[in-house]
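Asks: Sharing the record's features from Swiss-Prot:
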- 316-329: compositional bias 'Acidic residues' (COMPBIAS)
- 34-102: domain 'Importin N-terminal' (DOMAIN)
- 316-336: region 'Disordered' (REGION)
- 44-82: repeat 'HEAT 2' (REPEAT)
- 177-207: repeat 'HEAT 5' (REPEAT)
- 259-286: repeat 'HEAT 7' (REPEAT)
- 302-380: repeat 'HEAT 8' (REPEAT)
- 388-419: repeat 'HEAT 9' (REPEAT)
- 476-509: repeat 'HEAT 11' (REPEAT)
- 558-596: repeat 'HEAT 13' (REPEAT)
- 604-652: repeat 'HEAT 14' (REPEAT)
- 663-694: repeat 'HEAT 15' (REPEAT)
- 702-739: repeat 'HEAT 16' (REPEAT)
- 791-824: repeat 'HEAT 18' (REPEAT)
- 833-865: repeat 'HEAT 19' (REPEAT)
Amino acid sequence: MAAAALWQPQEEGLREICTLLDAHISPNSDQARIWQQLQHYSQFPDFNNYLVFLLARGEGKSFEARQAAGLLLKNNLRATFSSMPPASQQYVKSELLPCIGATNKAIRSTVGTVISVLFQIVRVAGWIELFQALHQCLDSNDLDHMEGAMDAIYKICEDVPEELDVDVPGLPERPINVFMPRLLQFFQSTHAILRKLALGCINQYIVVMPAALYMSMDQYLQGLFNLAKDPSADVRKLVCSAWVQLIEVRPSILEPHLKNVTELMLQANKDSDDEVALEACEFWSAYCDVSMPPEGLREFLPRLIPTLLSNMSYSDDDESLADAEEEESFPDRDQDLKPRFHASRLHGSETGEDDDDDDAVNVWNLRKCSAAGLDVLSNVFGDDILPTLMPLIQQNLARTDDDAWKEREAAVLSIGAIAEGCITGLYPHLPQIVAFLIPLLDDKFPLIRSITCWTLSRYSKFIVQSLEHPNGREQFDKILLGLLRRVLDTNKRVQEAACSAFATLEEEAAEELVPHLGIILQHLMCAYGKYQRRNLRILYDALGTLADAVGAELNQAKYLDIFMPPLITKWQQLANSDKDLFPLLECFTSIAQALGPGFSQFAEPVFQRCINLIQSQHLAKVDPAAAGALYDKEFIVCALDLLSGLAEGLGAGIESLVSQSSLRDILLQCCMDEAADVRQSALALLGDLSRVCPIHLHPRLQEFLNVAAKQLNPQCVKEAVSVANNACWAIGELAIKIGKEISPVVITVVSCLVPILKSPEGLNKSLLENSAITLGRLCWVCPDIVAPHMDHFMQAWCNALCMIRDDFEKEDAFHGLCAMVAANPTGAVGSLTFICQACASWNEIKSEGLHNEVCQILNGYKQMLGSGGWEQCMSTLEPAVVQRLGRYGV
């Protein structure tokens, strides 16, 4: 301590740093230059001493400059504390403690933040004095000191709650055991800020549940009940948050109190403060998600449903209302462009999720939470909610005056929210619902037009299912044309909702769209000419979805002439560094796959652009100035995925493009990229090229195989399962094309696939299926290498084969199974029941050759075992399995 106390700042250094901090907080300063100067000062070993001195003792300096010193100190400590001289470390710690109760709130708060960051580095044992100081502040009865201590404790609880629940040499008890009674006492404080901070601290422990909280649970719950009507909205919000967390992670604790808690949450859901109501509203979804007995909620439905419906109306200050009137002539601002995320290509089971968002602006609010709650309730209680809900909806819809448009809009939203859960009761009335919604597409209020688009999209699946019903086609046509009409709306919010809804309808309708292709394309391309950047992204998605839905039907000159010229014009206009290329690349990927060989007339410039994009990004990675752009891996991912789409669409027709390019070397580089999503897309392309032109991979074949095999080691699988999935698939594709040339990596790959096949739940279904298929392909082409090891994997492999649907990939895997048995029939006999189950998993083997092979194997075993042994084997199988095996003549 003595050495630390000797440190004193030099006046000149202090003055320079103060001047710099004053400039730093000035709005008109050159921040880049100031940042450089701060970096220069940070090289000095005692720079942090100056910062903590200014924060703690900067009397006469502006509070803003002292705060800036504290925030700079916080960031520096994160990066440099462990390398600071011990005397400086001690000085920083000792200067912070007296400031916990600083009279200025901003300084107190900054000190609490710095303490929390420093605590994360040194932990309890490295700063025992902190806890002594916090106790003294809590016991001081001075509000500034109590609040400062509570603020610091709250920030520690928020960042590392588990660190207070540890035994520490030198302390008689765990810190949380000492703090917990004090925190619970503060529930009764006359100061709202102390009640809020105490409750906030304890709430951080609901998930980790230390003994200190578990043993005080009755007192904590009683405190929550007492604070439910607290005058402070912040406190009431935290009470609701506590109930939501408890029901999510400790529902058994709430069960005895559930009725009382539900009543309180129902009241809180009507709170005059929207944030309290929003927190309370989360309770209903949480209740249903943890599978609490629904009967406990049923008696509240007659009061809960009207509350949810009431809260689904736009509030007057909802920020969505601000841009609701924005016409297409308004230029998009950069902040209007939501960040977009491209999903890298994945081979295997599809895991895409619907985005049922009813609002263009993704801000979670009471309206959306209420709609989500109604959706969840409809899925739990089904049609039972309709007698309460439908009269309320009808009542709101009957209010046709302009002042009631928000209530009408909420009614339409609620019809959409219950589309899945209440469909049994609603399905007979679908024609009336649709007939009612169609005119609302032309409502004078744009937000009613937009929500009607969304609600119709929620019923798309059922509308398509009704096509063969009387008037079903007429109903479908009206919806299709109605949505297309709104795609051309002049309001940007309506355009967005209509385009998204139309994409959903496309997914459900698929080939039913074919008779309407001309009119669909005319509308979409008319919109293409008038949309601004944000809605263009959604339009690209609608075009890509259309291509996925109708496939080769799009490959007709009359259609190509409508949509390809505008797309190509845009493609040529956009620079290689323009992020508006992303959705266009994705759109072209779907179009290339749909058109197949029909895309060949457009392929060469598209292929070359993809190569250029990847090369320019590789350059940007090492030399942004030479590339003229900053590195952005998403360009590489999108370009690789479009090349995959070309390979899939053109098939062997891509060979001439690949042979004249440097794609092979570029692809190998991408397969080794440090970014998982780049490797994922690169390995997908490797698999696609293996299918259509493996000859061009040959010069670097072993390198590709080694890189792909490396992605299957257990650590890589754990870190990036989707990369492993694509690597596995690519190796399987290569195996059937190159045969014995794959032998150098066979044992490495098999040794990685076996743990995947044997793993209990938790591994991705797609990886499991691809592992079973690739193992089968390796067994097929190199049976002599794999057969000696079959007892390690046969049973797990057969179990996985049972899960795979009938297709050519399953056929390949079964060729491998037959090759294994042929190579070592006695070695496989111990797994015979599993082999039988796998053979019985086929609905029908289309390949006559494979069917005969399976017959041969099973009959061979029947002869080997004799009738007694065979009957014994059959007796262990389900009767349905034995019956299916009859198809193979056994």
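From the backbone N, Cα and C atoms, a Cβ is placed for every residue, glycine too.
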Asks: Rank 177-207, 259-286, 558-596, 702-739, 791-824 by Cβ pairs under 8 Å to the repeat 'HEAT 15' (663-694) and hand me the top one.
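Replies: If we count Cβ pairs closer than 8 Å to the repeat 'HEAT 15' (663-694), 702-739 scores highest.
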Asks: Check the repeat 'HEAT 14' (604-652) against each of 558-596, 702-739, 791-824, 833-865 and return whichever range has the most CB pairs under 8 Å.
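Replies: If we count Cβ pairs closer than 8 Å to the repeat 'HEAT 14' (604-652), 558-596 scores highest.
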Asks: May I ask for the residues of the chain that lie six or more residues beyond the repeat 'HEAT 13' (558-596) and have a Cβ under 8 Å from a Cβ within it?
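Replies: Beyond its ends, the repeat 'HEAT 13' (558-596) has Cβ neighbours at 340, 342, 517-518, 521-522, 524-525, 528-529, 533, 536-537, 540-541, 543-545, 547-548, 550-552, 602-603, 606, 609-610, 612-613, 616, 628-630, 632, 634-635, 638-639, 641-642, 644-646, 648-651.
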Asks: Same chain only, please: residues at least 6 beyond the ends of the repeat 'HEAT 19' (833-865) with a C-beta under 8 Å from a C-beta of the stretch. Say none if there are none.
Replies: 794-795, 798-799, 801-804, 806, 810-811, 814-815, 817-818, 821-822, 825, 872-873, 876-877, 880-881, 884-885, 888-890
